[in-house]
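Please read the structure below before turning to the comments.
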Amino acid sequence: MKLLVKALCLRELRRQAATRRLAATGRLVAGQKLTGPREGCWASIHQAVGTRMHLPQSQLGFTTMVTGRIMRPDDANVAGNVHGGTILKMIEEAGAIISTRHCNSQNGERCVAALARVERTDFLSPMCIGEVAHVSAEITYASKHSVEVQVHVTSENILTGTKKLTNKATLWYVPLSLKNVDKVLEVPPVVYSRQEQEEEGRKRYEAQKLERMETKWRNGDIVQPVLNPGKPNTVSYSQSSLIHLVGPSDCTLHGFVHGGVTMKLMDEVAGIVAARHCKTNIVTASVDAINFHDKIRKGCVITISGRMTFTSNKSMEIEVLVDADPVVDNSQKRYRAASAFFTYVSLSQEGKPLPVPQLVPETEDEKKRFEEGKGRYLQMKAKRQGQTEPQA
């Protein structure tokens, strides 16, 4: 911290020297300041260490942030397309940073923001190895105990300078006390530029709250392991599971799994199911709302199970369930931690969409899930068509 302050003060001295030189040559009017991205050394110091100084929220810009990094080979599949789970993890990291900052922007009990829900996320364009992912996050609404964060992801080809929007996501976080992680704290208020923004945010909050309640009935649904996979194109043929021991690298400083880690594992399992079904290159097209039903602690063994539920001509829906088993805690039983539906598409070697082999449901439960998936597909298709129709 001392080195940071020293560097910022040195920059301020250089700015003042430049001001004097310009004034001496007559290129700067008397009394005029040489302005830059920040107004002086101490403004820079406040911006850098403001969270420690507990400055007002309006001075610090807690509600927006931008991060970025280059995509490496280990972020992508064999075809060079970045895994959807990698992008989901970056989205969640940005959301966790900005929501935790905001929730600690006022004096009071310290907390960490935990991911509660991710709204439907569409993958608008593929991202490739060597491109730079720019992740911008903004707090758009705050209820008494939750924060809505909207995230945009843009890919940049650093050779041509071409940029394109790849993802838009909405995430909901709740602040948990550092002293007692089962205690949900109140969220500092957000200042809205327009009254309509608060009203629209409240409607989104009520809608996601209702949807979360509707998904709880599926928590008792168990994916049984398949000992003898069935014929190709059946549910049992492609059903897959991944067992993961939660270690320190998966967790926050407080011993709970990052939401982004869970989403990445869920995407990996869904990708395996899709690849087994199609036997081609596959990519994530969208993720339906991901609900985080309970926290996952360090030391738990988690089982991520995926099964095909529906296929259209060019897409596949895969249900993914995450169950946590606290093996070192005999007082707690295995529980459902998260659930979601992933949609994948099949691609040729040239990156063109391919027809998807049609799923053959066998049992009554599989036929029921197929019809439910068909309903979700038709509902989303109608919604997209409504958005693309020209306004009268």
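Cβ coordinates are placed from backbone N, Cα and C, and glycine is handled just like the others.
What TrEMBL records for 61-179, 236-350 is domain 'HotDog ACOT-type'. According to TrEMBL, the feature active site maps to Asn77, Asp267. Feature annotation from TrEMBL assigns region 'Disordered' to 363-392. The compositional bias 'Basic and acidic residues' feature in TrEMBL is assigned to 365-375.
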Could you measure between Asp267 (active site) and Asn77 (active site) for me? Cα positions, answer in whole angstrom.
12
Mean pLDDT across the domain 'HotDog ACOT-type' (236-350), rounded to an integer, is what?
93
Below 8 angstroms Cβ to Cβ, which residues of this chain, lying six or more residues outside the compositional bias 'Basic and acidic residues' (365-375), approach it?
235, 309-310, 317, 319, 341, 359
When DSSP states are grouped into helix, strand and coil, how many residues of the compositional bias 'Basic and acidic residues' (365-375) land in each?
11 helix, 0 strand, 0 coil
DSSP helix/strand/coil residue counts for the domain 'HotDog ACOT-type' (236-350):
26 helix, 54 strand, 35 coil
